[in-house]
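S.K.: Sharing a structure, written as structure tokens. Questions coming.
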Amino acid sequence: MDHLPIFCQLRQRDCLLVGGGDVAERKARLLLDAGANVTVNALDFTPQFQVWADSQMLTLVQGEFIPSLLDNCWLAIAATDDETVNQQVSEAAEARRIFCNVVDAPRQASFIMPSIIDRSPLMVAVSSGGTSPVLARLLREKLESILPLHLGQLARYAGHLRARVKQQFATVGERRRFWEKLFVNDRLAQSLANDDRQAVADTTEQLLTEPLEHRGEVVLVGAGPGDAGLLTLKGLQQIQQADVVVYDRLVSDDIMNLVRRDADRVFVGKRSGYHCVPQEEINQILLREAQKGRRVVRLKGGDPFIFGRGGEELETLCEAGIPFSVVPGITAASGCSAYSGIPLTHRDFAQGVRLVTGHLKTGGELDWANLAVEKQTLVFYMGLNQAPAIREKLIAHGMAEDMPAAIVENGTAVTQKVVSGTLGQLDILAQQMASPALIIVGRVVGLRDKLNWFSNH
């Protein structure tokens, strides 16, 4: 370990910043946020420094650097564009045993400043030891996407509760189990974010008084159409908190690699060597795991409420009194069309979109007359095997045989394949494709040649 990570208490302590440019301005913001008494020394200052000085937030000393400016300082930062001046600041600070950071020169510095994820009072710092600041920044951005914005509010609220929790629960183990329940409670987090004080109080009281045995719950999470980058931030947070993840074949391996490592994984899809698990059995798996007190994520491709049978699964949980929540996902129609260069709506060609399933419960029948009208886009989910029937029904109800049509296989994935032609050729196009695939019918398909961006990357 080349550096010892520490967090400095600088409130009301004197700090010197040498430099008055944009870089120095960024450092000044950090020092001010930490509550330091900041003196800034430079030949010239950006307008923001003058604003701060006029507001008596810091002190400006215009002129050449002199070592005596470091007297009584706890910490110094050299942030000029003059290497000689930066070296002078570093040497003067070293002589006085004052920690000094030198921007872009870690070897001259006695401390370095990390990339920061600020969820005050929770702080996360990332550093490469000055060897690769860009890598540290990229890691910070990844962590920013994972850590919920409300964490700071939650941490502050937990601080207010500490005395009561210590009084309520006699042992360290009981207190730990309570905090674990509190920090993963979505309702409390949302109430804090909405500043709903009554809901916060009610939820807290429930957590404090209910048995400490963890109450199971189920979260339906939409994984999106395939590309792991299209998974929502909330979806990512949920799969990283899960005790068990129940998933199907439409969830990509890249997304499964993001699941919490020690979570149990239950595959319920249909894949080579596996038989599809009946829906009723899936419902019972969710129910059984939640009744064990586990946090269950039902991870579905696309959006769980768009041909994902999410409603059926939640009805079972509702009847059993199991708490549940839903995290929407990008549905296949939206993702596949965007990655294929096919806008679902367009002022000249389509004023509406119809999302249609290729499967109906026994006895169901589509309203083909309404589907065959102009100025709309049709998107058929799970319709590949029904392509001949879709072609026949639409043409029989008046849709032109030359209506543009496309089929998207493995949409949004690097293996995405798209074929396009006309409605009259739909059965022939389908023979070239494999599931999972989506059928798109409408004049907007004709824009694909112009707007196809993904395959060109």
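Just so it is clear, glycine is given a Cβ too, placed from its N, Cα and C backbone atoms.
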S.K.: Swiss-Prot has Gly301, Gly302, Asp303, Ile306, Thr331, Ala332, Met382, Gly411 down as binding S-adenosyl-L-methionine; which of Pro211, Pro225, Pro278 does it also list for that site?
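M.R.: As annotated by Swiss-Prot, Gly301, Gly302, Asp303, Ile306, Thr331, Ala332, Met382, Gly411 share the S-adenosyl-L-methionine site with Pro225, chosen from Pro211, Pro225, Pro278.
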S.K.: Would you mind pulling the DSSP three-state label for Asp22 (NAD(+) binding site)?
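M.R.: DSSP call for Asp22 (NAD(+) binding site): helix.
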S.K.: May I ask which residues of the same chain, at least 6 positions away in sequence, place their Cβ under 8 angstroms from the Cβ of Asp22 (NAD(+) binding site)?
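M.R.: The list for Asp22 (NAD(+) binding site) reads Thr46, given in order along the sequence.
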S.K.: Count the Cβ atoms, other than its own, that fall within 10 Å of the Cβ of Gly411 (S-adenosyl-L-methionine binding site), considering every protein chain shown.
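M.R.: Gly411 (S-adenosyl-L-methionine binding site): 27 neighbouring Cβ atoms within 10 Å.
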S.K.: Name, in the order they occur in the sequence, the residues of the same chain whose CB lies under 8 A from the CB of Pro225 (S-adenosyl-L-methionine binding site) and which sit 6 or more residues away.
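M.R.: Looking at Cβ-Cβ distances below 8 Å from Pro225 (S-adenosyl-L-methionine binding site), excluding near sequence neighbours, one finds Gly301, Gly302, Ile330, Thr331, Ala332, Ser334, Gly335, Cys336, Tyr339, Gly411, Thr412.
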S.K.: Taking the residues the record says bind NAD(+) (Asp22, Val23, Leu43, Asp44), how far apart in Å are the two Cα atoms that sit farthest from each other?
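M.R.: Between the most distant Cα atoms of the NAD(+) site, 15 Å.
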S.K.: Starting from the NAD(+) site formed by Asp22, Val23, Leu43, Asp44, give every other residue of that chain whose CB sits within 8 Å of the mean position of their CB atoms, in sequence order.
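M.R.: My list of surrounding residues reads Gly19, Gly20, Gly21, Ala24, Glu25, Ala42, Phe45, Thr46, Thr80, Asp81.
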S.K.: Of all the recorded positions given, namely Ser128, Asp248, Ile306, which is spatially nearest to Val23 (NAD(+) binding site) at the Cα level?
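M.R.: Smallest Cα separation from Val23 (NAD(+) binding site) among Ser128, Asp248, Ile306: Ser128.
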S.K.: Just checking, which of Asp44, Asp248 (recorded positions) has the fewest C-beta atoms within 10 Å of its C-beta?
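M.R.: Counting other Cβ atoms within 10 Å of each of the recorded positions Asp44, Asp248 gives the minimum at Asp44.
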